[in-house]
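Q: My questions all concern the structure below.
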Amino acid sequence: MQRHLISAADLTRDDAVLILDTAEEMARVADRPIKKLPTLRGRTVVNLFFEDSTRTRISFEAAEKRLSADVINFTAKGSSVSKGESLKDTAQTLEAMGVDAVVIRHGASGAPYRLATSGWIDAAVVNAGDGTHQHPTQALLDAFTMRRRLVGRDAGLGKDLDGRRITLVGDILHSRVARSNVDLLHTLGAEVTLVAPPTLLPVGVETWPCEVSYDLDSTLPKSDAVMLLRVQRERMNAAFFPTEREYSRRYGLDGERMAKMPDHAIVMHPGPMVRGMEITAEVADSDRCTAVEQVTNGVSIRMAVLYLLLGGNEPAVTHARTSEEK
Amino acid sequence: MSKILIRGAKVLGGEPQDVLIDGATIAEVGTGLSADGAEVVEAGGKVLLPGLVDLHTHLREPGREDSETVLTGTRAAASGGYTNVFAMANTFPVADTAGVVEQVWRLGRESGYCDVQPIGAVTVGLEGAKLAELGAMHESAAGVTVFSDDGKCVHDAVIMRRALEYVKAFDGVVAQHAQEPRLTEGAQMNEGVVSAELGLGGWPAVAEESVIARDVLLAEHVGSRVHICHLSTAGSVEIVRWAKSRGIDVTAEVTPHHLLLTDELVRSYNPVYKVNPPLRTERDVLALREALADGTIDIVATDHAPHPHEDKDCEWAAAAMGMVGLETALSVVQETMVETGLLDWAGVADRMSVKPARIGQATGHGRPVSAGEPANLTLVDTEYRGRVDPAGFASRSRNTPYEGRELPGRVTHTWLRGKATLVDGKLT
């Protein structure tokens with residue numbers, strides 16, 4: 001493990017499997033009457049959220065609290081940031097209060113990378129989603145969910161997703177979830193196919209380690225998991241597709257389409273879902289849809305990441321920020 | 001005035017010769033010239049060029065004196081071997097009236113380090129809607145002949161057509177910043193493999209190329225000349241090459257950074273690499289070098305764009321676009337064009353002095369190094385190699401993409417009409 005978690009592309013196969021295995025251990029904590037580990041007692045983690053994202057923030061907060069960390073939540077709205085304070089000054093201000101890790105969500109692609117590499121602060125940085133770049137813990141929790149469902153909870157330990165066929169459908173262009181998933185799933189040996197209208201695929205996607213298709217129906221029978229990405233209605237106004245209904249007809253998953261998937265195949269969604277757009281209520285509420293499970297798994301994954309970055313006994317976790325050394 | 005004898009300089013990279021400056025003029029060029037009564041500068045095999053001319057400089061004054069002033073900008077110019085710079089119009093207030101261009105012109109004269117020729121805005125406030133008083137700027141003391149909304153594109157085809165036509169009355173030229181605005185909404189970097197991965201808004205090559213294609217056709221239709229600022233893509237090169245072959249009166253410039261750097265550098269998310277137009281791919285870089293060598297691209301222009309530290313010490317999306325370039329331009333051209341064998345020093349003089357002076361109608365600049373000509377000269381130690389240290393810049397800003405990079409060549413002396421502005425690498 002490295003000192004920061006910025007991009008899913010930075011994880012080796014062994015790193016990723018270690019995180020997934022650790023997350024399985026963390027999941028067991030949730031089954032205990034007292035869902036807490038003392039691992040990060042005395043360590044302070046700040047959730048630095050420049051974008052509204054209640055679900056991701058709460059997931060991190062739950063993970064931090066279960067590891068007994070002291071948690072500070074910082075949201076940009078109404079803070080000094082809205083008065084024009086720079087990212088650098090905000091981060092330095094928080095670090096001056098003695099934080100050990102910064103979990104950052106930012107609208108600008110690369111903001112967590114800048115925070116981790118510019119020498120502004122010493123704390124470990126965890127990317128909780130940056131612009132349209134990366135959202136590595138989302139990819140990890142998705143992989144965790146796939147491994148549990150497709151390989152098995154116990155049988156999956158130590159294993160990757162070798163040969164599993166994963167299809168991602170929707171707004172790839174604006175999706176950090178898609179980028180993170182393509183990177184991580186490729187590392188874990190899965191075969192990834194992206195399905196979207198050509199307008200919602202980035203120029204340059206041809207170099208990504210995955211297949212690209214414009215046709216959902218032909219892809220479904222060859223999928224072990226189908227992940228639907230949220231499509232924002234506003235995209236329509238920029239001519240990415242003509243109407244919500246047309247998008248839904250061509251790329252939305254309904255019961256009829258779901259029936260074309262193999263019996264064991266699962267439907268995934270990172271949330272929040274736009275029911276009636278990319279997914280019908282019938283599919284969203286079916287047993288095959290793992291959306292709620294993904295939320296649960298998100299806490300375990302985030303516990304695992306924070307544990308390995310801050311409290312784990314891996315030799316590579318050299319994080320020891322001491323004011324004496326400064 | 002005093003005499004200066006530059007002894008043993010390779011004039012335009014040729015055999016060592018002596019050059020005698022008397023007052024503001026080159027008195028004699030030859031071998032074994034007498035040093036009698038003259039201050040001697042031992043050139044020792046350094047290369048002597050006509051003073052460099054930059055058709056594209058942002059001096060930031062008036063309005064953003066925190067990033068550059070006419071004085072600091074002209075000091076940077078002299079350090080880089082320039083004797084004449086053209087100051088872009090995107091100041092605060094915009095240089096769209098005779099008053100503002102005269103102010104910049106006057107500040108240039110007062111600085112004494114480098115001639116400053118203001119560029120006038122094409123449209124009022126650079127807004128692309130209404131022509132600025134181009135004639136008034138031309139007739140002002142500043143004598144503006146180059147007009148540009150640089151930083152913004154004159155995107156309206158009718159406004160562009162009218163501007164191209166209108167300036168014919170006084171032999172002016174419109175310098176177009178080619179950037180189709182709709183195709184570049186939210187654009188952050190070159191659109192391609194790297195932008196797809198980094199999740200930064202794509203800036204497609206076609207946004208530049210489509211405007212250039214339109215404008216060369218407009219220039220042909222109305223019989224005007226047009227100048228293309230900072231051409232950055234292989235496709236743009238092809239369009240300009242085609243236009244020239246058709247006899248269209250088009251000239252084009254390339255920046256040093258587009259001759260050297262690619263969008264791969266953006267992987268660092270370091271905004272020092274954020275620039276408009278964006279850094280492109282290796283293929284584009286090679287096409288630009290080739291085009292500069294074969295004359296499709298006429299000149300090198302720096303697009304020197306100073307920004308204060310805080311505007312680059314932030315996340316990519318929040319950062320300002322632009323790089324300083326006056327003090328590193330010649331070194332980058334030596335690295336990318338001379339050391340690759342694409343241009344000799346006479347070619348460098350042509351692309352960085354003679355042709356830009358001609359396009360901008362800068363009298364007294366870009367002249368041959370021969371007797372009777374104005375003594376605007378630059379002496380370059382081409383054997384030097386060193387790492388770029390922004391702390392040593394004369395510019396008020398430090399936003400260079402070359403910090404720590406080893407580059408060849410160093411300007412040691414600059415003379416503006418016989419007056420030394422740079423001696424042994426130090427400003428006078």
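Even glycines carry a Cβ here, placed using N, Cα and C.
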Q: TrEMBL has A:Arg55, A:Thr56, A:His135, A:Gln138, A:Gly271, A:Pro272 down as binding carbamoyl phosphate; which of A:Arg28, A:Arg105, A:Arg233, A:Arg235 does it also list for that site?
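A: Looking through A:Arg28, A:Arg105, A:Arg233, A:Arg235, the residue TrEMBL assigns to the carbamoyl phosphate site is A:Arg105.
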Q: Cβ within 8 angstroms of the Cβ centroid of A:Arg55, A:Thr56, A:Arg105, A:His135, A:Gln138, A:Gly271, A:Pro272: which residues besides those meet this for the carbamoyl phosphate site?
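A: Here the nearby residues are A:Ser53, A:Ser59, A:Ala128, A:Gly129, A:Val177, A:Pro270.
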Q: In terms of Cβ proximity below 8 Å, which binding-site residues out of A:His135, A:Gln138, A:Arg176, A:Gly271, A:Pro272 neighbour chain B?
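A: Checking chain B against the binding-site residues, the residues within range (Cβ-Cβ under 8 Å) are A:Arg176.
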Q: With Cβ-Cβ distance below 8 Å and at least 6 positions apart along the chain, what are the contacts of A:Arg176 (L-aspartate binding site)? List them in sequence order.
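A: Those within reach of A:Arg176 (L-aspartate binding site), by Cβ under 8 Å and sequence separation of 6 or more, are A:Ser109, A:Gly129, A:Asp130, A:Gly131, A:Thr132, A:His133, A:Gln134, A:His135, A:Gln138.
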Q: In terms of DSSP three-state secondary structure, what is the assignment for A:Arg105 (carbamoyl phosphate binding site)?
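A: It is in a strand.
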Q: Cα within 10 Å of A:Arg230 (L-aspartate binding site): which of the binding-site residues A:Arg55, A:Thr56, A:Gly271, A:Pro272 qualify?
A: A:Gly271, A:Pro272
Q: Report the DSSP secondary-structure composition of the domain 'Aspartate/ornithine carbamoyltransferase carbamoyl-P binding' (A:3-147) as helix, strand and coil residue counts.
A: 66 helix, 27 strand, 52 coil
Q: Take every residue in the domain 'Aspartate/ornithine carbamoyltransferase Asp/Orn-binding' (A:163-309), average their pLDDT values, and give the whole-number result.
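A: On average, pLDDT over the domain 'Aspartate/ornithine carbamoyltransferase Asp/Orn-binding' (A:163-309) sits at 95.
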Q: Taking the Cβ of A:Pro272 (carbamoyl phosphate binding site) as the centre, how many other Cβ atoms fall within a 10 Å radius?
A: 11
Q: Could you tally the C-beta atoms, other than its own, that fall within 10 angstroms of the C-beta of A:Gly271 (carbamoyl phosphate binding site)?
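A: The answer is 15.
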